[in-house]
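Asks: Structure provided below as structure tokens; questions to follow.
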Amino acid sequence: MNQEVKNKIFSILKITFATALFIFVVITLYRELSGINFKDTLVEFSKINRMSLVLLFIGGGASLVILSMYDVILSRALKMDISLGKVLRVSYIINALNAIVGFGGFIGAGVRAMVYKNYTHDKKKLVHFISLILISMLTGLSLLSLLIVFHVFDASLILNKITWVRWVLYAVSLFLPLFIIYSMVRPPDKNNRYVGLYCTLVSCVEWLAAAVVLYFCGVIVDVHVSFMSFIAIFIIAALSGLVSFIPGGFGAFDLVVLLGFKTLGVPEEKVLLMLLLYRFAYYFVPVIIALILSSFEFGTSAKKYIEGSKYFIPAKDVTSFLMSYQKDIIAKIPSLSLAILVFFTSMIFFVNNLTIVYDALYDGNHLTYYLLLAIHTSACLLLLLNVVGIYKQSRRAIIYAMISIILIIVATLFTYASYILITWLVIIFALLIVAFRRARRLKRPIRMRNLVAMLLFSIFILYINHIFIAGTFYALDVYTIEMHTSVLKYYFWITILIIAIIVGAIAWLFDYQFSKVRISSNIEECEEIIDQYGGNYLSHLIYSGDKQFFTNEDKNAFLMYRYKASSLVVLGDPIGDENAFDELLEAFYNYAEYLGYDVIFYQVTDQHMPLYHNFGNQFFKLGEEAIIDLTQFSTSGKKRRGFRATLNKFDELNISFEIIEPPFSTEFINELQHVSDLWLDNRQEMHFSVGQFNETYLSKAPIGVMRNENNEVIAFCSLMPTYFNDAISVDLIRWLPELDLPLMDGLYLHMLLWSKEQGYTKFNMGMATLSNVGQLHYSYLRERLAGRVFEHFNGLYRFQGLRRYKSKYNPNWEPRFLVYRKDNSLWESLSKVMRVIRHK
């Protein structure tokens, strides 16, 4: 049997043992808890002195400082260039994390390796020392186990009750001398031969400190058991939790404590309350402190240090691949820590709704409690809804959270007035102020599906909140009073109203205030860029007057865009120096992210697809644009006799065509206005992707007109210079609708012939929407659906007719795309684009 097979068998046996032990613990614990009267547990909790609770929590938080001695020993042994204060802070964070999700200490060992490898040259020695620390966590327990074996601590009752623990106790006791001998004979560093012994002493003191915390919990709930028996039960319970490999020993530790004190005649309700207090004081409080420390300890400075560290090694395998993300992970720790703290705060104060409702049951002024309960619940829900926004460092989310904290403080002061909780709220508020100053964006984009999800989530949370309160009152036999007083009857709707007012007011203020922040370069800069680098088929639309411009720092590339519904809709590809497009888009996306806007590109070519892809976008084919090769275009030949017939017909009717250069007279503009108004027939003009009938816009390029024999304008088209590839296009094409003449054909034919005469080589006839979209079985579902619209809804919009019309000019078809973020909805993005096009 080779080593690989042995390792696999060992892993399977280990997993099987842990799973079987976990199932056994859960079943046994459930059986023990099923007989507990939770009402008595709550009554016992209400008797606890609040100052004793404060001292307990302080003691629980302070007890974890002892574990920091591991890291002090480690830093001194390896001569790390790191201050004692930083060691203590980082160590506290690591140990608090390890206590919750330790998996036998392996999580803590991994985090230590990640943090301290930047402070030492000898990585191999670091790993050896960390392994020694990991093992020494058991040696301290081994030393205490020896004291039970030699009857210093009396555990006879529990050993008789749980016989299998005796063998674990003996095995662990034998581990200590073996470890001491091995660590002294083969130390990780010959100059530090007694490190193993030092770590064992630290481990022993730490386990005793944890036992003292549990003992203090017992004293608070009035459990009368000798200190020696307390320690004995704790040691055996800790061994059970360690062997189970369950994070924090949850379940196994608690079961042994429950059974141990039950053998001593302690009521189960008191033991349960003692365990809950212990878990909160020794696990939850240190985690809270660690999260607060993380908000200050990690962040920009840590990220910069690691990025500049000569010890930072590129990823080469799975482990190093994960480690390569450490600078990003560490940079996010402060916001993640604060988000977790806000989440816990929300949950804690949701539970405190019970206190408000309970007080309201015995108070005649129910109206006041309606309002206070609704405010309190609204604030808790707002905290919960903005957890993700806080993690994403959104200032708007942080403001929502700060307002929520203030509302909770007000509700707390007017109801149960817990100064411990108010102190906690003040701490969270201070952390939110720090986070607000560090925030990297004003707000996150508002998306319809997110709003719907938040609404459904809010209803669900409020429903669960009501069920929780009602269920608790049923358990306490006071629900009958609640039904008579109707404290819970209407506050759901009041809560929704308060949330709507707060959310609506802040959202409106942000949109109003920061709409002024949107920057726009002047049109002269854009003209200079086009003059130097050329434009594209859409660049002439800079003169339409309905767009803003974003220019890069070097002023050699720009985008034209328009704001609509928390989105920046960009028209076409970037314009200018192609080498600057990457920098331009990065600056634009940073700008949009800061303001909390989505970015949508409309009608882009396939030339820059890789560039858009780099920014996390996906694509939807809008259709194809007809580009006519003027070098091949002609009205001669059999296939073109229709073109000649059209031109001949206009000649017979004495209808002429000419190009008028700006500036234009008022009389000429009035003639065009008359034709345009009749053509529009009270329909609204489109915007953004096309020009509008506007004298300023029209005066920027020549206009082609067709006149009748009376020299009256009957049709016109505005030219669109492209400033690249010897190409030209037309924008507005309008004619008198009452004339039964092929005026559109006439304008196009005359423009094609004129453009060819002027030396242009390409003519853009515009896009055929949804043309050639989703034609293959392998296409995306959304594109296949769009293709069916093209085929079967021609009555609503002339999709096929437009393609057929342009096809007779034998164009080359070039695809055009919608570009939008991969986490955005296609239909929502299309809707925003259409709103931009159809509204001024």
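For all residues, glycine too, the Cβ spot is worked out from N, Cα and C.
So Swiss-Prot lists the following for this protein:
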TOPO_DOM  1-8  topological domain 'Cytoplasmic'
TRANSMEM  9-29  transmembrane segment
TOPO_DOM  30-52  topological domain 'Extracellular'
TRANSMEM  53-73  transmembrane segment
TOPO_DOM  74-89  topological domain 'Cytoplasmic'
TRANSMEM  90-110  transmembrane segment
TOPO_DOM  111-128  topological domain 'Extracellular'
TOPO_DOM  150-161  topological domain 'Cytoplasmic'
TRANSMEM  162-182  transmembrane segment
TOPO_DOM  183-200  topological domain 'Extracellular'
TRANSMEM  201-221  transmembrane segment
TOPO_DOM  222-229  topological domain 'Cytoplasmic'
TRANSMEM  230-250  transmembrane segment
TOPO_DOM  251-271  topological domain 'Extracellular'
TRANSMEM  272-292  transmembrane segment
TOPO_DOM  293-337  topological domain 'Cytoplasmic'
TRANSMEM  338-358  transmembrane segment
TOPO_DOM  359-369  topological domain 'Extracellular'
TRANSMEM  370-390  transmembrane segment
TOPO_DOM  391-394  topological domain 'Cytoplasmic'
TRANSMEM  416-436  transmembrane segment
TOPO_DOM  437-450  topological domain 'Cytoplasmic'
TRANSMEM  451-471  transmembrane segment
TOPO_DOM  472-489  topological domain 'Extracellular'
TRANSMEM  490-510  transmembrane segment
TOPO_DOM  511-840  topological domain 'Cytoplasmic'
Asks: Where, among 53-73, 338-358, 370-390, do we find the most CB pairs under 8 A to the transmembrane segment (416-436)?
Replies: 338-358
Asks: Tell me whether the transmembrane segment (272-292) sits in contact with the transmembrane segment (451-471), defined here as at least 3 Cβ pairs under 8 Å among residues 6 or more apart in sequence.
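Replies: No, these stretches are not in contact.
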Asks: Honestly, do the transmembrane segment (338-358) and the transmembrane segment (451-471) touch, with at least three Cβ pairs under 8 Å and pairs 6 or more apart in sequence?
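Replies: By the criterion, they touch.
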Asks: Sequence-remote contacts (6 or more beyond its ends) of the transmembrane segment (162-182), Cβ cut-off under 8 Å?
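Replies: 135-136, 138-139, 141-143, 145-146, 148-149, 196-197, 200, 236, 239-240, 243, 256, 259.
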Asks: In the same chain, which residue numbers or ranges, 6 or more beyond the ends of the transmembrane segment (370-390), come under 8 angstroms Cβ to Cβ?
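Replies: For the transmembrane segment (370-390), the list is 335, 338-339, 342-343, 345-347, 349-350, 352-353, 356-357, 360, 396-398, 400-401, 403-405, 407-408, 410-412, 414-415, 432, 435, 443-444, 454, 457-458, 461-462, 465, 487, 490-491, 494-495, 497-499, 502-503.
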Asks: By DSSP assignment, list the helix, strand and coil residue numbers for the topological domain 'Extracellular' (111-128), in that order.
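Replies: Taking the topological domain 'Extracellular' (111-128) as a whole: 15 helix, 0 strand, 3 coil.
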Asks: Using a Cβ cut-off of under 8 Å, list the residues of the same chain at least 6 residues beyond the topological domain 'Cytoplasmic' (222-229) that approach it.
Replies: 152-155, 215, 261, 264, 266, 270-271, 274
Asks: Calculate the per-residue pLDDT averaged over the topological domain 'Extracellular' (472-489) and state the result as an integer.
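Replies: Result for the topological domain 'Extracellular' (472-489): average pLDDT 55.
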Asks: Can you name the far-off residues of the same chain, 6+ from the ends of the transmembrane segment (201-221), with a Cβ under 8 Å from a Cβ of it?
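Replies: The answer is 44, 48-49, 52-53, 55-56, 59-60, 63, 66-67, 69-70, 73, 136-141, 143-144, 227, 230-231, 234-235, 238, 257, 270, 273-275, 277-278, 281-282.
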Asks: Take the topological domain 'Cytoplasmic' (437-450) and count its residues per DSSP category (helix H/G/I, strand E/B, coil), listing them in that order.
Replies: 5 helix, 1 strand, 8 coil
Asks: Which sequence-distant residues neighbour the topological domain 'Cytoplasmic' (74-89)? Criterion: at least 6 residues beyond either end, Cβ under 8 Å.
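Replies: For the topological domain 'Cytoplasmic' (74-89), the sequence-distant neighbours (Cβ-Cβ under 8 Å, at least 6 residues beyond its ends) are 65, 68, 112, 116, 119-120, 122, 125-126, 129-130, 133, 189, 192, 195, 293, 297.
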